[in-house]
Amino acid sequence: MAPSFDTLSEQDLHEEEVEIDFSDLKAQYEVRLEEGLDAFVVIDGLPVVPEESKPKLIKFLLKKLNTVGRTREDAIFMPLNEKGMSEGFAFVEYDTPEQAIAATKHLHGTPLDKKHTLAVNKLTDIDRYGREGRVDEEYTPPKIEPFQEKEHLRSWLGDPNARDQFAMYRGDKVGVFWNMKNNPPENVVDRDHWTQLFVQWSPLGTYLASVHPQGVQLWGGPQFGKQKQFPHPFVSLMEFSPGEKYLTTWSSRPIQLDGPPGALSYEEEGKNIIIWDITTGKPLRSFVSHELAAPAGPDGDAAQAKKKVQWPAFKWSADEKFVARMLPGQSISIYELPRMNLLDRTSVKIEGVMDFEWSPATVQREGVKQSEQLLSFWTPEIGSNPAKVGLMSIPSKEVVRTRNLFNVSDVKLHWQSQGAYVCVKVDRHSKSKKSLATNLEIFRVREKGVPVEVVDSLKDTVINFAWEPKGNRFVLITTGEVPTGTAVPPKTAVSFFAPEKTKSGAAGNFKLVRTIEKKTSNGIYWSPKGRFVVVATVHSQQHFDIDFWDLDFEGEKPENEKDLSANLQLMKTNEHFGVTDIDWDPTGRYVVSSASAWTHSLENGYHIHTFSGTTLTEHAVEKFKQLVWRPRPPTLLSKEEQKKVRRNLREYSREFDEEDKYAVDIANTAIVEMRKRLLNEWTAWLKKEKEMVEEEREVLGLPKYEEEPAAKPTPGAEDDTIVEEIVEEIIEESEEIVA
């Protein structure tokens, strides 16, 4: 009879434990009793400090810890040793286990200062993996996945015919095509529902971005495979940095995290804007939107008017080392990249600031040796203080030039593409505030002291202004005052300006070349290579003219324009019904005019023109929405190599003409070959059918089918004359009186 529990001896108990080994069952079915330890993390790598410095260290550490979750000072335990010094680690309790996971994911390996780097682990992980036997003592080399070659993200640049690509969005489809000049475009890829809002190329053409309710997706390579994903719920706006290193996304809805953090952490919760690192695919920092002041409503009530979105919310310096945003009326915050820390830990306070713009290129000012980035800004009249335009050097934050302005209604800042000039377009009102006029204040940034030239010969308001890319000429459009309630669009004037020639070769003062009156134009579109400009009337219901201008015409120059650096010539005027957009290809050889269904639904599609205005093709596309050319990165040729190409351009032109002729011959040959193939197929089919008919006749016992011989012409038939007589017969005649 087995002994009862009460009669068991101490020895029996020990024998039972020794005889039966439960270790394998415990390892397989062990129940974790962590009792809330999932919300704890252990932070190692902290500085060793005395007891009196511990509260200060905890407060400093708390700022880091709260970027990924929520914790408190009393939830941080930092043990001390016998000497009253900290041990270099701490235990931290977060509000939820998800926040603890986010801390290990985002804070592990981040620097606390120059000498200390944080190591963050979950307390349960330390307990789980720190036990004896949980980690193999023998090293097992990791399995290395076989190398997989990635797609060449700039493969389109190697096209043997140097063709350009464009993306076209129509209906629910997005396609990428090769431009084939006057032939139908050649499709590269075409996909349904590729985007929900729009598509956009990155500035150097490496990526094609699509926008979805879940976020932004980047595509690239010969077959446009997925490259990067940037989750941002309900994103509606995006912008790349100039060198494609960073991406900004914006949504009107603040981010809400429903489940455990993924790519987005608790730091992004409640924010509208995220700045991403494209290489890593991770967010650098997130922000809440600053809404611009709402325009006044019909009754002067600004509170009832719809608030305007400030976009781009962040503006990038040319070298991508800084990004800045404006708090309207108060300050400009400048952040250093890639750490996204505030420059000098403080924003630049500028009372009343209304707008700012970075120089699009790094500028070398005369007498300045250190590297700098420039930004321009303006403030309105405040009390008795005049309006002001300023030029600031970054990172020093030194204001290197200011200019006072009076009777100002509005200001627009226009940088030349190389940063050599910044044109300040000033709309001034009369003392009675009943009329407006515009004058231009042009800052010559590269010259000593940054002199300012004033162009005050304009009598009307400037509604559009554009610098020549990599040049020193500009075009503007002016209009007079429009009576209220008038449905007819106002007449405009197009003015071309160029600098005077000087003996030193430097650009002289800006002078008017010519003004074209009684136009309806409202858009200016320079060729990316300069010299040629398209001036068009877009988004109009009555006028659709597109003018192609050449500012370096090689013909005879008018006597009154001899001293100016321009020879203006209208090459051609076209019309495109319902035109809404004008886009140059990156080489400056072709121009696309398009009519988008986003604006109207009449005759949607696009036309392709040469730079001189010759229309190559016209494509009517149902539900056409968008056409965007793929940008090209800057050339790798040196300036000397580029000069050599220009010198030998005539020789290259002959080669290109021969290639074009050969391409046409190939196309014609292909047509002939196709027709020959069809004829041969028809002949073979006819022969086969005849053989089948003969076999059937033979089976049925019918005589062989003989084709009737062709009728032979009778002798003398060549001299015969055929006379035809047409006889008309009236069957019925009726007369009807029409009122």
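For all residues, glycine too, the Cβ spot is worked out from N, Cα and C.
For reference, Swiss-Prot has these:
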type	residues	note
DOMAIN	39-125	domain 'RRM'
REPEAT	191-229	repeat 'WD 1'
REPEAT	231-288	repeat 'WD 2'
REPEAT	457-498	repeat 'WD 3'
REPEAT	516-559	repeat 'WD 4'
REPEAT	574-612	repeat 'WD 5'
Same-chain residues at least 6 beyond the ends of the repeat 'WD 3' (457-498) with a Cβ under 8 Å from one of its Cβ atoms are 412, 414-418, 420-421, 423, 425, 427, 435-440, 507, 510-531, 533, 535, 540, 542-543, 547, 549, 551, 564-566, 568
With the greatest number of Cβ pairs under 8 Å to the repeat 'WD 4' (516-559), the stretch among 191-229, 231-288, 574-612 is 574-612
Same-chain residues at least 6 beyond the ends of the repeat 'WD 1' (191-229) with a Cβ under 8 Å from one of its Cβ atoms are 150-156, 167, 169, 172-176, 235-236, 238, 240-244, 247, 249, 263, 278, 281, 586, 625-626, 628-633
Its residues classified by DSSP, the repeat 'WD 2' (231-288) shows 3 helix, 21 strand, 34 coil
